[in-house]
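Here is what TrEMBL records for this protein:
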TRANSMEM  6-30  transmembrane segment
TRANSMEM  42-61  transmembrane segment
TRANSMEM  81-98  transmembrane segment
TRANSMEM  105-127  transmembrane segment
TRANSMEM  139-158  transmembrane segment
TRANSMEM  218-241  transmembrane segment
TRANSMEM  261-283  transmembrane segment
TRANSMEM  304-323  transmembrane segment
TRANSMEM  329-349  transmembrane segment
TRANSMEM  361-380  transmembrane segment
Amino acid sequence: MYVIESKGGTITCMLLALLFLGTWPAIMTLTERRGRLPQHTYLDYTLTNLLAAVIIAFTLGEISPSRPNFTTQLSQDNWPSVMFAMAGGIFLSLGTLATQYALAFVGLSVTEVITASIAVVIGTTLNYFLDDRINRAEVLFPGVACFLIAVCFGSAVHKSNAADNKSKLQGFKSLETTSSFQMETSSIKEGKAKVGTADFLIEVEKQRAIKVFGKSTIIGLAITFFAGICFSLISPAVSLATNDQWHTLKHGVPKLNVYTAFFYFSISSFGVGLILNIIFLYWPILGLPRSSFKAYLNDWNGRGWSFLAGFLCGFGNGLQFMGGQAAGYAAAGAVQALPLVSTFWGILLFGEYKRSSRKTYTLLISMLFMFIAAVAVLMASSGHRK
C-alpha cells in the first residue's frame with residue numbers, strides 16, 4: 001500500500017480533500033434547485049461514492065508488497081476494526097442525507113460552516129485523545145474554540161439572512177398568491193430576475209424540489225446540527241479502525257490499513273444510503289412528491305452532476321483519511337475548511353447574500369474570519385504518527 005511519509009504529501013492530500021469536500025455540496029444544491037428530487041440525486045451519488053473507494057483500494061492500496069495490502073487484509077480476522085470502519089460509513093450516510101435537506105433550508109455556506117464546525121469541535125477533541133495526544137494541545141484547542149465561535153456566527157448569519165429574505169418578500173402575501181402572470185410580466189420587464197430580489201427568490205422556490213417558503217428556520221438548523229454531529233463521529237471511527245487504540249484485534253493480527261478501512265467504510269455508507277433513499281422514494285419526507293424506483297431509473301436530468309458529486313465526496317474522504325493517518329486525525333480537522341470553498345460556490349453560483357443587509361455581511365465576514373483563523377491554528381498543531 002502507498003504510505004505518505006512527507007509533510008508535503010500530507011499537505012497536498014489535505015488541499016485536494018478541501019477542494020473536493022467543499023464542492024460536492026454545491027453540486028447537490030445545483031441539482032435540487034433545478035428541480036431534481038434529492039432521493040434521485042442521492043442514489044446516483046452513492047454509486048460513484050462507492051466506486052471511488054474501490055478505485056483507491058485497488059490502486060493505492062496495492063502498490064507496495066512490503067506491507068499488508070488491501071486484498072491481503074480482506075481475508076484476515078480483523079472484524080472488530082472492520083466494524084469501526086463501517087460505523088463511520090453509517091455516520092457519513094446519515095450526515096450526508098441530512099446535509100442534502102439542510103442545504104435547501106439553510107443555504108450552502110451556512111450549512112457547511114455549522115456542520116464543519118461541529119465536526120471539528122467534537123471530532124477533533126475525540127481524535128486528540130484517541131491519537132495519544134500527538135498533536136499540540138496548547139495550539140489545537142484554541143483552534144477548536146475558534147470553530148465553536150464560527151458555529152455561533154453561522155447561526156446568526158442564517159437568522160439575519162432569513163430576515164432579509166422575509167423583508168424582500170413583504171410585497172407577496174404567499175407564494176401561492178403570486179400569479180404566473182405576475183412572474184411573467186416581471187421577467188419581461190427585467191429580462192431576467194435579478195439575483196437577490198424577491199422575484200429571484202420566488203423563481204428559485206417555484207423551480208426547486210424542496211419547498212422551503214413558510215417553513216420554520218428551526219427545522220433547517222435542527223437538521224444541520226444533526227448532520228454536524230454525524231460528521232463529527234466519522235474520523236474517530238476511522239481512527240479506531242486503523243490504529244486499534246482499544247486493542248480489539250487478536251494478537252498478531254495487523255491493523256487495518258487506511259485503504260481497507262475506507263473500503264469497508266464506503267460499503268456501509270452505500271448500503272445505508274441505498275436503503276433509506278429507496279424508502280424515501282415511496283414515503284417521502286418534508287412534503288416532497290412520491291416517486292418510484294422506475295421513475296428514478298428514467299430520470300437523467302442532472303444525473304451526470306450527481307455522479308460527479310459522489311466521486312468528489314469519495315475521493316475527498318479518501319484523501320482526508322490518508323492525511324489523517326500520516327499527521328494525526330485531530331490536525332486533519334483542518335480539512336473542515338471546506339465551508340470556505342462552499343461559500344465561494346454559494347455566492348458565485350446561487351447568489352447567496354446578494355442584496356442582503358449590512359448586518360448580514362458583517363456577520364458573514366466575521367464567520368469566515370474566525371473560520372480561517374481556526375484552520376491556521378489546527379494546521380500549526382500537526383504532529384507525526386510514529
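Sequential numbering from 1, following the chain as shown.
Just so it is clear, glycine is given a Cβ too, placed from its N, Cα and C backbone atoms.
Keep in mind that this is a model prediction, so the values were computed, not measured.
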Honestly, do the transmembrane segment (81-98) and the transmembrane segment (218-241) touch, with at least three Cβ pairs under 8 Å and pairs 6 or more apart in sequence?
yes
Which of 6-30, 42-61, 105-127, 139-158, 218-241 shares the most C-beta pairs under 8 angstroms with the transmembrane segment (361-380)?
139-158
Contact call for the transmembrane segment (42-61) against the transmembrane segment (304-323), three or more Cβ pairs under 8 Å:
yes
Can you tell me which of 6-30, 139-158, 218-241, 261-283, 304-323 gets the most C-beta pairs within less than 8 Å of the transmembrane segment (105-127)?
218-241
Cβ under 8 Å to the transmembrane segment (261-283), counting only same-chain residues 6 or more beyond its ends: which ones?
39, 42-43, 45-47, 49-50, 52-54, 56-57, 61, 70, 81-82, 84-90, 92-94, 96-97, 237-238, 241-242, 290-293, 295-296, 314, 317-318, 321
